[in-house]
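Colleague: Please see the structure below; I have some questions.
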Amino acid sequence: MAKRNIRIMGDSILNKTSKVIEEVTPKIDTLIDDMLDTMYDAGGVGLAAPQVGVLKRLVVIDVSLEGNEPIILINPEIISTDGEQTGDEGCLSLPGKAGIVTRPNYVKVKAYDRHMKPFEVEGEGLLARAFCHEIDHLDGILYVEKVNGEVHEVTSYDEEEEE
């Protein structure tokens, strides 16, 4: 397992559509582990394969406080949504920035696990937002295309405490 470089907005790979994964090869298995390492190291709650330069329909998400409940989604599809939430959204591919985005408050996704077994998973709040955000990446869509208003600078809690 290893950390991979996160592609930054402006890299053309982030605007391309990812390809379906037909089988989990050893290379894909390693990619899953590397993406988890990369996401946790960067302090993110989700990461899509294009963000590490791979045009495959693969997403990893973990919104748990402890960072120990990873959700691996291969070929994910949103099958239902409900409600609405509006809030700040950021992205590891656009560090130090955030913007107000409206997303569904409830999302149900069908996908395959790392053994290519189909499953469904649902989430509300932050998890629903993460599902939408990461699946958008697989279709070459960045959250900045959905921002209400302007993208703004994000100050970390550490910087605020020093002031």
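Cβ atoms are placed via backbone N, Cα and C, with glycine included.
Computed from a predicted structure; not experimentally measured.
Among the features that Swiss-Prot reports, active site is placed at E134, with the record citing sequence analysis. The feature Fe cation binding site is assigned by Swiss-Prot to C91, H133, H137.
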Colleague: Quick check: in three-state DSSP terms, what is C91 (Fe cation binding site)?
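Modeller: Where C91 (Fe cation binding site) sits, the three-state DSSP reduction gives coil.
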Colleague: Would you mind reading off the Cα separation of the residue listed as 'active site' from C91 (Fe cation binding site), to the nearest angstrom?
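Modeller: Computed Cα spacing between the residue listed as 'active site' and C91 (Fe cation binding site) is 9 Å.
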Colleague: Please list residues from the chain of C91 (Fe cation binding site) whose Cβ is under 8 angstroms from its Cβ, counting only those at least six apart in sequence.
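Modeller: In sequence order, M9, K97, H133, L142, Y143, V144 meet the Cβ cut-off.
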Colleague: Note the Cβ centroid of C91, H133, H137, the recorded Fe cation site, then list each other residue of that chain whose Cβ lies within 8 Å of it, in sequence.
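Modeller: What remains near the Cβ centre is G46, A48, Q51, E89, L92, S93, E134, D136, L142, Y143.
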Colleague: What are the sequence-distant neighbours of H137 (Fe cation binding site), meaning same chain, six or more residues apart, C-beta distance under 8 angstroms?
Modeller: L14, S18, A48, P50, Q51, V59
Colleague: Within 10 Å of the Cβ of E134 (active site), how many other Cβ atoms can be counted across all chains shown?
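Modeller: Taking every protein chain into account, the count is 26.
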